[in-house]
Amino acid sequence: MTETPVGGQEATPICARPGCGNPIPPRPPGKTGPPRRFCSDACRVTTYNAARPTRSTAAAAPDPAVGSPEDPVDPAVELADLLRRAAPLVAQLRAERDQTRPAAVQARLADAQARVLRAEEERREMAERLAEAEAGLAAAVEEAEAAREQLEEARAETERAQAEAAERIATMEAEAQAAVEQARAEAAQQVERAQAEAAEQVASAQRAREQAEAERDAARAEAERARAEAKAAEERAHQVERDAQAAISATERAAEARVQAAERVRDAAEAERDRTRREAEEDRARLREELATLRGLLQTEAQARQAAEQRATEAEQHARQLQARLDELHRELARRGEPQSAEEPAGTPPRSRKR
């Protein structure tokens, strides 16, 4: 804000920050640019920061297209959706920036300068004519006053255009900052969901490993029972063999008349022993197959545990990649939406921006 001129004198401008009231210091000699609106950089930054929405305000109104945090949405899909919705905003900001070029202000300034040059030329001509004839003095003075009035009007129009451009720049900066804050809030939500999914995958892998260990313990117990049964079968076979040897010895000590009967008994005993041995061998083969099956189960369990650990590692890597992409998006949005200074550098012509 500025004070209203009184008595034809230019009033001292006042800082535009609400509640400040300090006068704006004059511009250093030799520097040009739009009129200053703040007494210091601190007041300018405070005013622009107050116009920006806070992170909590941006996070309180989530985009309905994103979904709730409980929905199992792929972070890559959400990131693609975020980039797709951010691209029109960036394009709109670029279009508005192109539409707010200071061409109109420069054209008016060029017209005013042309009028000033014409007025100066006319004044010089009138001065030359004044030396020749005093009769044209009144007309030359009137034309010079008219040119001066046109110059003052052009200057006033330029000041109004510069003030409008500064207000539009502040509005565009506030809108861009709001868009950046909203994008940051959505990116933070995506990171949280990705971390939650990674934790769920790790917990699922842990449960699978515990289940595999329980199955492995059960398989070991079953193998112990099978070994005990095989040992008992071998003891029974030895007992049968001892019984057969005793029968053979008794048959040999028997009379010659009972040799044939003893031989039949011995044959029967040998047949029983062979059968028992075959059963023992079959039991051993069956136990070997069961042991091989158990080893396969243990290998399968180890492979499942390695696969679960690999999935957990891939989930963590995916989360880190997503975090890196989100950081890159934050930097890009921050670089494109960074608030511009209210003052232009020395030597820069004044600009007017239109939405």
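Note that Cβ sites are derived from N, Cα and C of the backbone, with glycine treated the same way.
Quick look at what TrEMBL lists:
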- 1-37: region 'Disordered' (REGION)
- 23-32: compositional bias 'Pro residues' (COMPBIAS)
- 49-73: region 'Disordered' (REGION)
- 50-65: compositional bias 'Low complexity' (COMPBIAS)
- 144-284: region 'Disordered' (REGION)
- 145-167: compositional bias 'Basic and acidic residues' (COMPBIAS)
- 173-206: compositional bias 'Low complexity' (COMPBIAS)
- 207-244: compositional bias 'Basic and acidic residues' (COMPBIAS)
- 253-284: compositional bias 'Basic and acidic residues' (COMPBIAS)
- 301-355: region 'Disordered' (REGION)
- 301-310: compositional bias 'Low complexity' (COMPBIAS)
- 311-338: compositional bias 'Basic and acidic residues' (COMPBIAS)
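Contact check: the compositional bias 'Low complexity' (301-310) against the compositional bias 'Basic and acidic residues' (145-167) gives fewer than three Cβ pairs closer than 8 Å, residues 6 or more apart, which falls short of the contact criterion. Assigned with DSSP, the residues of the compositional bias 'Pro residues' (23-32) fall into helix, strand and coil as follows: 0 helix, 1 strand, 9 coil.
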